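Below is a structure I'd like to ask you about.
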Amino acid sequence: MDHTLRCFGTTTPKTHFLFSLILFFLFFFSFSNSTFDLATIPFSDGYSPLFGDANVVRTSDDNGVKLLLDRYTGSGFISSNMYQYGFFSANIKLPSTYSAGICVAFYTSNGDVFEKRHDELDFEFLGNIAGKPWRFQTNLYGNGSTHRGREERFYIDEVPIREVLQSEKMGADYPSKPMSLYATIWDASNWATSGGKYKVNYKYAPFVTEFKDLVLKGCSVDPIQEGPYGEACTNQHADLEAQDYAAMTPMRRHAMRRFRQRYMYYSYCYDTLRYPVALPECNIIPAEQQRFKETGRLRFGGSHRRQARRKGRTTTPVVDTDQGDM
């Protein structure tokens, strides 16, 4: 069975908006570009290989790229520019065979420029053993706060999944600097599937993930330059904010709430072993908290049987050892 996904990330300048750096991450299953009237770009117009160049295979029309993981290396690509705000999108086809230990990531970061105080916003797809579904987690870091991971893990559906509001409480942990867009496939055997119990099995290699229908909208900036970034960027930011995909409507917020109730199976906000005092941005809902163990994982119930570094990259993996809900 093929796993085809559309992954959206939007960053806008409004401080009351969305998942990070005022960012709205939407995750859709098998959505088309016509949903938001998105204009795609050729791979070579916006991206270049990051590592494992021989495993970065462009389509003949240059409108997509395949990333391969074999026993020698993973692979990845990076945007040609860095962006303060923007809209980033791709259709992603995940490996359909045994995929345990694999991490496919679609994320923004500035770690190559700000090594000690980098920002990062992650979509990470975590492989599984045969017959079990891929898992999906989001995470963010601000100003080098990699020791304070903010993971949430989900099953997948066609709704917004997470909103992180900018607030004084988060302080410098909130991503704020220009970032590049990355996509990678890599061997994460030590943590990705059941806390590292199941490893990548290279008998099934090469593992192939495909990115196509690439969308990259935003105003590129010099990451060292301090804002403001000029009238051109101001106009592009205003246009971005006016788009339908940049708005968290009441209907979308309701859908997001229902999604999280049904499909979220881990949240750092309820992981009291890891964080005895919840991080300041956490909105602890008592009725919701009762559904989670002190490890931050669900106690029971759900939609599946339950209710449900890439090279040189920093992660703060969550130990996932609940075999009954793999």
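Glycine residues also receive a Cβ, built from the backbone N, Cα and C atoms like all the rest.
Dumping what TrEMBL says about this protein:
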{"type": "ACT_SITE", "residues": "Glu120", "note": "active site, nucleophile"}
{"type": "ACT_SITE", "residues": "Glu124", "note": "active site, proton donor"}
{"type": "COMPBIAS", "residues": "302-313", "note": "compositional bias 'Basic residues'"}
{"type": "DOMAIN", "residues": "34-211", "note": "domain 'GH16'"}
{"type": "REGION", "residues": "299-326", "note": "region 'Disordered'"}
Which chain-mates of the residue listed as 'active site, proton donor' that are at least 6 residues away have a CB under 8 A from its CB, listed by sequence?
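For the residue listed as 'active site, proton donor', the qualifying residues are Cys103, Val104, Ala105, Tyr107, Phe136, Gln137, Thr138, Asn139.
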Mind looking up the mean pLDDT for the domain 'GH16' (34-211) in the predicted model?
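Across the domain 'GH16' (34-211), the average pLDDT comes out at 88.
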